[in-house]
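What Swiss-Prot records for 55-84 is domain '4Fe-4S ferredoxin-type 1', and it gives sequence analysis as the kind of evidence. Per Swiss-Prot, the feature [4Fe-4S] cluster 1 binding site maps to 64, 67, 70, 114. The [4Fe-4S] cluster 2 binding site annotation in Swiss-Prot covers 74, 104, 107, 110 and rests on sequence analysis. For 95-124, the entry in Swiss-Prot reads domain '4Fe-4S ferredoxin-type 2', with the evidence type sequence analysis.
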């Protein structure tokens, strides 16, 4: 008879523990119920990206010395650098530079290790196309700067909740929103 009593006690303890776990999970669910929704109406509302966001790469053709450091540090050997050695000035001359963003993992190693800072990350993340071959950007397409989201009057920008409060008397421009 003694084992039967301990079995009922274990069953009772397990039932109380299960009820406590169910109650805790229900309280977590209720605490999330009164929060504002995170979703936004994307084409018309865009959230402002953080300062260290890794978007499309911007390339400045005039600064590049064709050293190919970006190719060596890239984990997938992605940037294609075509150059020719000019014997009269004894320097490399850059002919073509391209990056395929369909393959790029946006790690930022090329930007970090570039000795002349000719590569930089932009805040552009809208790279979707119907043809994957359109994601292969040459030096001309990489040299174009994206339109900033903050300055666009047709799009309502949604600020993240963890951003600092911006003074109401300051106009919204790209210099105002820097601390994320």
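Any Cβ shown, glycine's included, is placed from N, Cα and C.
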Alpha-carbon distance [residue 64 ([4Fe-4S] cluster 1 binding site); residue 104 ([4Fe-4S] cluster 2 binding site)] in Å: 20
Residue 64 ([4Fe-4S] cluster 1 binding site), number of other Cβ atoms within 10 Å: 19
Distance from residue 107 ([4Fe-4S] cluster 2 binding site) back to residue 114 ([4Fe-4S] cluster 1 binding site), taken between C-alpha atoms, in Å: 13
Integer Å distance between the CA atoms belonging to residue 110 ([4Fe-4S] cluster 2 binding site) and residue 70 ([4Fe-4S] cluster 1 binding site): 4
Env. residues of [4Fe-4S] cluster 1 site, Cβ within 8 Å of mean position of 64, 67, 70, 114 Cβ: 65, 66, 68, 69, 81, 110, 115, 116, 118, 119
CB contacts for residue 107 ([4Fe-4S] cluster 2 binding site) [other CB atoms within 10 A, all chains]: 14
For residue 110 ([4Fe-4S] cluster 2 binding site), the number of other Cβ atoms found within 10 Å of its own Cβ: 22
Winner by Cβ contact number (other Cβ atoms within 10 Å) across the binding-site residues 67, 70, 104, 114: 70
Residue 67 ([4Fe-4S] cluster 1 binding site) and residue 110 ([4Fe-4S] cluster 2 binding site), Cα-Cα, nearest whole angstrom: 12
Cβ contacts of residue 74 ([4Fe-4S] cluster 2 binding site) (under 8 Å, same chain, 6 or more positions away): 107, 109, 110
Structural state census, the domain '4Fe-4S ferredoxin-type 1' (55-84) (DSSP three-state): 5 helix, 8 strand, 17 coil
Remaining residues near the recorded [4Fe-4S] cluster 2 site, that is with C-beta within 8 Å of the centroid of the site residues 74, 104, 107, 110: 57, 70, 73, 75, 76, 78, 79, 99, 105, 106, 108, 109
